[in-house]
Amino acid sequence: MLCGRLRHTMNSTTCFFSHRTVLIGIVGSLIIAVSVVGNVLVCLAIFTEPILSHSKSKFFIVSLAVADLLLALLVMTFALVNSLYGYWLFGETFCFIWMSADVMCETASIFSICVISYNRLKQVQKPLQYEEFMTTTRALLIIASLWICSFVVSFVPFFLEWHELSMEEIKTIFKDLISDKVKTSDAHTFSFALEQTLGDNRTSNPKPECLFDVHFIYSVIYSLFCFYIPCTLMLRNYLRLFLIAKKHHVRIKNLHRLHRNQGTQGSKAARTLTIITGTFLACWLPFFIINPIEAVDEHLIPLECFMVTIWLGYFNSCVNPIIYGTSNSKFRAAFQRLLRCRSVKSTVSSISPVASVYRAFSWIRPSLLDGPPSAVCDTGQDENRKGGGCVTTIPTESHVIISEEEIRANVMLSESDTVFS
């Protein structure tokens, strides 16, 4: 986690059997365990469930799950040990890796969430063009790009040696430690040191800490690029998705007098999107507000508040598989099968695409469906054509022609799988 203060988190006199330490251990262990199990289940569900494995959206869900899984295994575990012991146990080299992996996994997780929102919007906005637009190659290129960007903002600063301190800077740090006036160095955008924290009596064995001080300018740039811009795009995508869902729902309801159970689909979509955006903001916004403040003066924010914001960000990796998994009926079925250790019963559908769309509309009142849909092709004389091609018509009391694209969009939205399909 990018943070401007870790050197005075705990000292060598920490009581390892205090209620506070026990609480930290229990809560941290639960977050790590749920993160690992949940994200492993997501990956297994996608690769073992035929319906999920054939979807282009799987790449983005797997990217999110892998980022959260790596964050739990490589970052949270060692962060918890560091918090419990009060000092760094794993050496200077791994400290570099740990800090960089922290930034990379968090950035990749946020970017993946943003890409998922864009992908889902495209699915509903242009369902007929989606398969042609979102090819496997394009999906993999998007995933590769977001991971490369995440790597750049995390590891490159170390490779450029922005973190190295001169001997004069090291002497200044130790002088400040002795005088209890530790200040953040402004000489570099980054400053890293594996320092020796003195105990209360100043004579005890020094305890190393893994530190990562952040300059204010970098903190602002990182927060803007890796959180505020992706967050704005995600909110924009989900707002447009909600408006499309509302528009299509009202149109189909007015034309076909939907079954009463379909009357709740709009509220289900709104509830799902509210949970997604609300959870994301609740977990990440506090840290990205406090982090620039910490870079200016590490004493402005109480230590306890700062640590809470760090673990709130970690907690997002715990709830992601719950939200993005259980909001989809296919994932729920796959989770139940995996938890019960049941085998997959794969079936091959022989139903044509148009017939599948028609069958998906079985919730329309039967009396309005006098027969199967017919295709009206562009012969240059059809007054209902829009840009050529064919449209699928469903006989209704009002004889309204509904395009196949609109039908497919409503099929997606009617299943309440607003996030992933």
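Just so it is clear, glycine is given a Cβ too, placed from its N, Cα and C backbone atoms.
Database features (Swiss-Prot):
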type	residues	note
TOPO_DOM	1-21	topological domain 'Extracellular'
CARBOHYD	Asn11	N-linked glycosylation site
TRANSMEM	22-42	transmembrane segment
TOPO_DOM	43-59	topological domain 'Cytoplasmic'
TRANSMEM	60-79	transmembrane segment
TOPO_DOM	80-95	topological domain 'Extracellular'
DISULFID	Cys95-Cys210	disulfide bond
TRANSMEM	96-118	transmembrane segment
TOPO_DOM	119-138	topological domain 'Cytoplasmic'
TRANSMEM	139-160	transmembrane segment
TOPO_DOM	161-213	topological domain 'Extracellular'
TRANSMEM	214-234	transmembrane segment
TOPO_DOM	235-274	topological domain 'Cytoplasmic'
TRANSMEM	275-295	transmembrane segment
TOPO_DOM	296-304	topological domain 'Extracellular'
TRANSMEM	305-325	transmembrane segment
TOPO_DOM	326-421	topological domain 'Cytoplasmic'
What counts of helix, strand and coil residues does DSSP assign across the topological domain 'Extracellular' (296-304)? 3 helix, 0 strand, 6 coil
Lowest local Cβ density among Cys95, Cys210, which the record lists as disulfide-bonded residues, within 10 Å: Cys95
Mind checking how the topological domain 'Extracellular' (80-95) divides into helix, strand and coil residues in DSSP? 11 helix, 0 strand, 5 coil
Chain residues outside the transmembrane segment (60-79) and at least six past its termini with a C-beta under 8 angstroms from it: 1, 28, 31-32, 35-36, 39-40, 42-43, 46, 90, 94, 97-98, 101-102, 105-106, 108-109, 112-113, 115-116, 119, 139, 142-143, 146-147, 150, 310, 314, 317-318, 320-321, 324, 420
DSSP-derived helix, strand and coil totals, residue by residue, for the topological domain 'Cytoplasmic' (43-59): 12 helix, 0 strand, 5 coil
Over the topological domain 'Cytoplasmic' (326-421), work out the mean pLDDT and round it to an integer. 52
Report the DSSP secondary-structure composition of the topological domain 'Cytoplasmic' (119-138) as helix, strand and coil residue counts. 17 helix, 0 strand, 3 coil
Take the transmembrane segment (139-160) and find every residue of the same chain, 6 or more past its ends, with a Cβ under 8 Å from one of its Cβ atoms. 56, 59-60, 63, 67, 96, 100-105, 107-108, 111-112, 115, 189-190, 192, 218, 222, 225-226
